[in-house]
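Swiss-Prot annotations:
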type	residues	note
TOPO_DOM	1-6	topological domain 'Lumenal'
TRANSMEM	7-27	transmembrane segment
TRANSMEM	44-64	transmembrane segment
TOPO_DOM	65-103	topological domain 'Lumenal'
TRANSMEM	104-124	transmembrane segment
COILED	166-233	coiled coil
REGION	198-223	region 'Disordered'
MOTIF	238-241	motif 'Di-lysine motif'
Amino acid sequence: MTLQWAAVATFLYAEIGLILIFCLPFIPPQRWQKIFSFNVWGKIATFWNKAFLTIIILLIVLFLDAVREVRKYSSVHTIEKSSTSRPDAYEHTQMKLFRSQRNLYISGFSLFFWLVLRRLVTLITQLAKELSNKGVLKTQAENTNKAAKKFMEENEKLKRILKSHGKDEECVLEAENKKLVEDQEKLKTELRKTSDALSKAQNDVMEMKMQSERLSKEYDQLLKEHSELQDRLERGNKKRL
């Protein structure tokens, strides 16, 4: 096995090991999420994406080269199998065909597991997020149920208290209503008396005003008569003199 195919085989074994580790049931997705959240992965994210695409391209090239080798030695294997002149050449070709087929499987499975590994990491990350959201939603639902039960219990207590004190409250309300009605009647009576007194006072004021006007007229008349009498007396005195 050449150096390049030894590296591809080692890469394939590493992929298989990583996939088996990711599939271990006792390691939860949240643990993998914490590992994937390390700052180291954020720093090498750009390099990682470029390396991922580069490895895919290399594996595709090796896979196509292996396909070419398989097709090449398959045709040669068929020709030399029918020929009996060189038996060693047939075995040599068969060995090369076996190696090319081995390289085809190694490169093909390496490419396949590389894509599966990338997809598996993505699914584990998504599953960890969904489980975290599920835990948060479960906690919120439990808190909501507890709050609802608490409110229902308080509501039942209030209903029982209202039922026990309902009769007393009705009696108190009736007494208050009766008192309000009596106060209303008293206010109406006082208002009526006040209105009558106000009307009477207005009438008295009008009468006093009329009397004052009559007295003013009589006073004016008396003043006029008094002045006339004085004039007469003055004339009589002048005649006597």
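Here the Cβ of each residue, glycine as well, is placed from N, Cα and C on the backbone.
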Same-chain residue ranges lying at least 6 outside the topological domain 'Lumenal' (1-6) that approach it to Cβ under 8 Å: 62, 99, 103, 106
Within-chain partners of the transmembrane segment (44-64) [C-beta distance under 8 Å, separation at least 6 from its ends]: 4-5, 8, 103-104, 107-108, 110-111, 114-115, 118
Average model confidence [pLDDT] within the coiled coil (166-233): 77
